[in-house]
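Asker: Got these off Swiss-Prot a minute ago, pasting:
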- Lys141, Glu178, Phe179, Asp187, Arg211, Ser212, Asn213: ATP binding site (BINDING)
- Asp248, Glu260: Mg(2+) 1 binding site (BINDING)
- Asp248, Glu260: Mn(2+) 1 binding site (BINDING)
- Glu260, Asn262: Mn(2+) 2 binding site (BINDING)
- Glu260, Asn262: Mg(2+) 2 binding site (BINDING)
- 104-287: domain 'ATP-grasp' (DOMAIN)
Amino acid sequence: MRIAILSRNENLYSTMRLKQAGEARGHEVDVIDTLHCYMDITSNNPKIRYKGEELPQYDAIIPRIGASVTFYGTAVVRQFEMMGTFVVNESVAISRSRDKLRSLQLLSRKGIGLPRTGFAHHPDNIQDVIRNVGGAPLVIKLLEGTQGIGVVLAETNKAAESVIEAFMGLKANIMVQEFIEEAKGADIRCFVVGNKVIAAMKRQAKEGEFRSNLHRGGSAQLVRLSKEERATAINAAKVMGLNLCGVDILQSKNGPVVMEVNSSPGLEGIEQATNKDVAGMIYEFIEKNAKPNSNRTKGRG
């Protein structure tokens, strides 16, 4: 098969592993810088051009769209959909998952376990926002943050007020969530491909830190999932419409709760923690499912 990886950096671990794994299975794999693609929108024969030439017809596209380029990246993915190319994650599903509020609203509607969450931009009564999620300790997040950036743990109501006021000064949309203390600074990353959890790791925050992101110095190890945790991860992926994603779960006293669904999960941490060929399993999914015009949305919106 001829497959393209949409990635701005061919030297990232995930991009290199996907190229290596695909070529090892006999596929022709190109890495294409998403931002350097340009499109012929009005033509009856939709095209994508790159470095002065029309891109060939690919059998499948693996989008690795960074959060900072979601708007243009999903436009490129949508153009591939209009051309009838199979995409591992469709543009509408990527957009859905990148909007943290929209994600939580959709998950909530389907009865997926979530931490108690509030959303605000410029509330008239900050104390009521805090009371509404059960009071401190609580976690306050900037809606646009990634890799644990823009996430603050407020241990008292007064501290929470101060943080919310500071974020309001930035004219930012903020999310206020109950702090799942019983998780003890750990979460579970479930790697879902094709409605199956193919790998899972437990990430533990470093001493004195509550964010378990590996980018923030957390550690990771193999974990055995309960049936409920596995079902939660699979259902969350289905709600988002993602064929490939990382579902981050906390173990609360009320059962597993979903913190985030990541449409472009990194491969390095999960492969090292589990010793599994995650990249190879992504290609197994592509080989079984990549057919022309088989996307559910077909680029319609």
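The backbone N, Cα and C atoms fix where each Cβ goes, and this holds for glycine too.
Fair warning: this is a prediction, and the values are worked out from it, not measured in the lab.
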Asker: For each of Lys141, Glu178, Glu260, Asn262, count the other CB atoms within 10 A of its CB; which of these binding-site residues has the top count?
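Answerer: Selected residue: Lys141.
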Asker: Listed binding-site residues are Glu178, Phe179, Asp187, Asp248; which of them have CA atoms within 10 A of the CA of Asn262 (Mn(2+) 2 binding site)?
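Answerer: Checking each Cα against Asn262 (Mn(2+) 2 binding site), the hits are Asp248.
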Asker: Let me know the model's mean pLDDT on the domain 'ATP-grasp' (104-287).
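Answerer: Its mean pLDDT is 90.
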Asker: Given Glu178 (ATP binding site) and Asp248 (Mg(2+) 1 binding site), what distance in Å do their CA atoms have, once rounded to a whole number?
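Answerer: Roughly 16 Å, rounded to the nearest whole number.
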Asker: Under DSSP, is Phe179 (ATP binding site) helix, strand or coil?
Answerer: coil
